[in-house]
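So the structure is just underneath, and the comments pick up after that.
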Amino acid sequence: MTQPLIIANTPFSSRLFTGTGKFPNSLIMQQALIESGSELATMALKRVDVSNPEDDILKPIMTAGINLLPNTSGAKNAREAIFAAQLAREALQTNWLKLEIHPDPKYLMPDPIETLKAAEELVRQGFIVLPYCHADPVLCKRLEEVGCAAVMPLGAPIGSNKGIVSRDFLEIIIDQAKVPVVVDAGIGAPSHAAFAMELGADAVLVNTAIAAARNPVAMATAFKLAVQSGRLAYENGLVSVSSQAVASSPLTAFLD
């Protein structure tokens, strides 16, 4: 049994957060989210009609009892992100926000300057801000200092499925963070998610690897188990890596 995750005084028993894009249909999306055990699902504000409770994305999440994490994907600067956040809060009655600002549509790299600027203002306005950002230890510390409830550094570019290519920087971020660290983007296999948890990440967010799988519902189960396994291993002390062989049995001669 692992310890619960706390973000902004809200407890989560699952450390797997999920996205809602790229699923074949809304029913499969709902089934996968439920099977994943996730308690927090993010959705792009540009893809939903927040004023319509029957929306194909919004309704399945809400009827499944999963908490909403609106995101500002598509915003190109702080001004656009703040405007989108204000609309979401009014329509959905939530202060929770995944802040995403990526002006380049080809690589979807988060803009660090605009993200920090928007985060500071949104925190001032009372939002619970979870910013998607580069795996930059200095930036993550600055985001923490302006009041973000967690930081969400990337493991690899969005949708790349490359896994944890930013390991060295993630380890620094995790080591110095005083808020939860949620590894977001690039996680393409359950083993990637388990590895992120073994490094000490507090949670992971997975979308493409579940939604685009041949069987998204079964893949959601695989990720649920991987996250649980990785966190359990981290909490109970992984053995250190050695460049030499270390015997597990006595080294005395066989006939002694």
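Along the chain as shown, the residues are counted starting at 1.
Any Cβ shown, glycine's included, is placed from N, Cα and C.
Other Cβ atoms within 10 Å of the Cβ of Lys98 (active site, schiff-base intermediate with DXP), summed over all protein chains shown, number 27. Lys98 (active site, schiff-base intermediate with DXP) falls within a strand segment according to DSSP. The active site, schiff-base intermediate with DXP annotation in Swiss-Prot covers Lys98.
DSSP assigns Thr208 (1-deoxy-D-xylulose 5-phosphate binding site) to a helical segment in the three-state reduction. Contacts of Thr208 (1-deoxy-D-xylulose 5-phosphate binding site) defined by a Cβ separation under 8 A and a same-chain sequence distance of 6+ are given as Gly19, Gly21, Lys22, Ile158, Gly159, Asn161, Gly188, in order along the sequence. Annotation source Swiss-Prot lists 1-deoxy-D-xylulose 5-phosphate binding site at Gly159, Ala185, Gly186, Asn207, Thr208, citing sequence analysis.
When the Cα atoms are compared, Asn207 (1-deoxy-D-xylulose 5-phosphate binding site) and Lys98 (active site, schiff-base intermediate with DXP) turn out to be 14 Å apart.
Taking the Cβ of Gly186 (1-deoxy-D-xylulose 5-phosphate binding site) as reference, residues of its chain lying under 8 Å away and at least six apart in sequence are, in sequence order, Leu154, Gly155, Ala156, Pro157, Ile158, Gly159, Ser160, Asn161, Lys162, Gly163, Ile164, Val165, His192.
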